[in-house]
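Let me begin by handing over the structure; questions about it come next.
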Amino acid sequence: MAIKPGLGRKTSNKNPPILSHEFVIQNHADIISCVAMVFVVGLMNESTAAFASAFISLHHNVSGEDPSREQPYGKAYTYIAGIKDYCAIFFYTLTCIIMHAIIQEFVLDKISKKLHLSKFKLARFNESGQLVAFYLLSFVWGAHVLLKEGYLGQVAQLWEGFPDHPMSFLHKFYFVVQLAYYLHMLPELYFQKIKTKEEQQPKIVHSISGFTLIVLAYTLSFQRLALVLLTLHYFSELLSHVFQLIGVFDREERLAKLRVVNNGVFFLIRFATSVIGVLTLYYGIGGVRSLLALGGLIALQGYLVFSFITEQLRAKREAKKEAKREAKLALQTKKPAKTPKDKVKRKKESDLPEADQSSPSPIKQKLK
């Protein structure tokens, strides 16, 4: 019985053996969908509902009431961080892998097939396409929570009442999805067949560092500050990867003005992050824990600025080398074009007898 190709990979004429590496890679989205459905179906059975809800629902609520006669609309639930959140992070990590495969197959692959991109541009297009989808969702989601909770209008809420900062449903679910997304990057290395160390290392560092920083902010009750800083950071990253996608289709010369905008936004976000961090952690909260967090935040901003400048200089050097190489190849392959006069002259000479045709002078032959 032939296995039909599922989501998350390219189709091939040969069907790989069941449970082989190629089979798992080609059908990983379908396999993980079946695993996720086990938890969803578990909610329908009374005996397994409590176990399944630990992976799907949010827990550790500290306030809130269901609708009743006295309160027809009930009271909104608020939550804190807890150990059961990691069960939800596991389930939504599976969801992120499925969504990654859906975006890849039904959006990015269909666009790339029409563009006929080179291997390098195709890799950049797929990576930036996935990150643009994540950064856009995270920025819109984070901005919505900021406006709904009033953190932008009343900045003092970032430190008032610390560490007693309960989260609304959307606020907590935002962090669960963030942690799940960074965690899903690790199995994606296997599913995307990324084997070289040069390609694996930046993705692993991105995944582990993002997961670790968000976990620390989430468990140490810095959720409000982290929400503001992540929303700012994702706006900068969204802009950067949108320009990278434009660079895949357009020429580099036309991206000069866009890169100036990107560079300005990047440094502005880094400055705003540092100011908000100092205002909240040093003047607002204070204490040893907040000062350590402030030191880590400033060090992180310095590292991001250093990495950004280093990357820009490296890109300029590579662009100059590429321009020199293309110019050298153009000179080697360029041949002098024949003018119409030369063609007429050669035609006239060919019509003459062999003795009357022009021949090189003896003096030139001796010189040669």
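Glycine is treated like the rest: Cβ placed from N, Cα and C.
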For which of the residue intervals 31-50, 291-310 does TrEMBL record transmembrane segment?
291-310
Any idea which of 150-167, 204-221 is down as transmembrane segment in TrEMBL?
204-221
Apart from its near flanks, which chain residues at least 6 from the ends of the transmembrane segment (129-147) lie with a Cβ under 8 angstroms of it?
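Cβ under 8 Å, 6 or more out: 100, 103-104, 107-108, 111, 168, 170-171, 174, 178, 181, 227-228, 230-231, 234-235, 237-238, 241-242, 245.
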I need to check the long-range neighbours of the transmembrane segment (291-310): which residues 6 or more away from its ends have a CB within less than 8 Å of a CB in the stretch?
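Distant Cβ neighbours of the transmembrane segment (291-310) are 213, 217, 220, 222, 229, 266-267, 270, 273-274, 277-278, 281-282.
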